[in-house]
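For 382-576, the entry in TrEMBL reads domain 'Cytochrome b561'. TrEMBL lists 582-617 with the feature region 'Disordered'. Annotated signal peptide per TrEMBL: 1-16, in sequence order. Residues annotated as transmembrane segment in TrEMBL: 415-438, 458-476, 482-505, 526-544, 550-569.
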Ligand SMILES: *[C@@H]1O[C@H](CO)[C@@H](O)[C@H](O)[C@H]1NC(C)=O
Ligand SMILES: *[C@@H]1O[C@H](CO)[C@@H](O)[C@H](O)[C@H]1NC(C)=O
């Protein structure tokens, strides 16, 4: 008996420690309907929960959404006999409502000291169904009893599409009594907070507050992310949707984030501290970008036998997702056999090629993992381009460290917001600024300055109208422009569009309302240029794209500000000199000063002079800012 047991143990280990490349195996359902199978198979679904219970060698499946909407059924799959069984769960009071796209994990409840064997529970929190939920449930995997866990403490609002989960089980390690929950959507608002549920105290607390949408160092509010929790108790989160719901951003996004929870030991492979206090805030760190943009992908920790599996995984795999959303113009679809794996040590993505019976690319598959054997199971999901919802069960096994790279590397994508940024950057960031600059400092070159000014402003405005159209085609809801970048953008566009309209109604110089018109033109133009530049800055932060984008823009802005300061100093000096100099014969009205300065000569020599067509120049408004004028002549 003991020999048999030892043999089985060794066999199990050998299975787990095989250092072969990652490879897929299709487990079921049987391909043909005529195949003799007495066993039932769970109906197709996406967004379900799937956990592997090593003590019974069963997979447990809950919920998701199928052909007829959200589900609340529970199934157990015996790895040995390859048989599914639908479980009749029970509860003394209520059971969870049908739902999908929630956060879940397996909790090893060893509250009772040995020799009482630990209990295992499937924990499910939040999700979407007939409504969006905020409740948390525990399903006891021995008694199949549901229990609603109390929402004590600082509980999350109704949410779905959040990141989080529970630390993976490792042999010989006590259960970690914490469920992590971060980000998510409540149908109205996208969130960026991070919560933890203490499964012993049965109470929530907030470990990271809301993140400012313009903070480049932290993941902005988003939902339908891909996520998992690592053996070191870090939350890993990929992509998701950051547009609408009171914010802007990429949808689908392609940024990778790691949250070092307050209890994460900070040292790789150190064991998560079961009794650690939840006080203190964790920190978000960004890793590299490489896979295609995705919403609703699945993530799971992976381990390499080479670095002793018992210490936990160094890798996190990303499986499937929707690569396109309303913002997508084009994307290089990821090959089915490409498996992006994040190396947590380097923060770099490895784009590996997983062979075997490769499943067709799909979104919202439910994933279960067993770090002890390095296996990952994938159930269901929806095929590409709104394809069929699946009931397939696949298993992935192997060593990421010996898996060859895929010939296709990082994905490429073009989204409407990228083009929006390009057009707005050229419009409000370059041309409209240049047009203002010319009007303010180059009036001496009359009438060339005016033609240049007009050409810049018209081109800049046209580009920015296209920029607005581009971002609206990316699925921005009109009622979602209340956030800073949206509101400032609309105001700036309004001010910008006022300019050609009021240029059309421009009264002739000396005519009634001319002074008022000049004032309006000057100040609406200036405000638009200032707000426009500020909004380009906000946009580069909001987009959360590559750092190169905002570094490039802010360098350009810096050069422009320096140029403005230099020109302004020269202009003011010239004006001061003009005020103290005796009025020339041309000055019929001493209070009427002119900004038309020979920019290159006057500043240096301390002299100022009028433009060549002095007598025909309009009255110019001088003082706090640039002048408004129109070319001499008809
Ligand atoms: C954990 O086990 C203890 C003792 O068996 C039990 O009272 C408690 O409800 C369990 N917790 C959960 C979340 O299932
Ligand atoms: C675990 O956390 C507790 C409370 O924060 C602390 O006192 C203890 O030293 C930690 N243990 C380890 C091994 O880090």
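Our numbering is plain: 1 for the first residue shown, then up by one each step along the chain.
Placed from the backbone N, Cα and C atoms, the Cβ positions cover glycine too.
With Cβ pairs under 8 Å as the measure, the transmembrane segment (482-505) is packed most heavily against 526-544, out of 415-438, 458-476, 526-544, 550-569. Contact between the transmembrane segment (550-569) and the transmembrane segment (415-438) is supported: at least 3 Cβ pairs lie under 8 Å, counting only residues 6 or more apart in sequence. Within its own chain, the transmembrane segment (526-544) is flanked in space by residues 213-216, 219-220, 242, 247-250, 253, 255, 417-418, 420-421, 424-425, 427-429, 432-433, 436, 464, 484-485, 488-489, 491-492, 495-496, 499, 550, 553-554, 557, 560, 625-626, which lie at least six positions past its ends and keep a Cβ under 8 Å from the stretch. Sequence-distant contacts of the transmembrane segment (415-438), counting only residues of its own chain at least 6 positions beyond either end whose CB sits under 8 Å from a CB of the stretch, comprise 243, 248-250, 293, 326-329, 449, 452-457, 459-464, 466-468, 470-471, 473-475, 489, 492, 496, 525-526, 528-529, 532-533, 535-536, 539-540, 543, 545, 549, 553, 556-557, 560, 563-564, 567, 626. Per-residue confidence over the domain 'Cytochrome b561' (382-576) averages 92 (mean pLDDT, predicted model).
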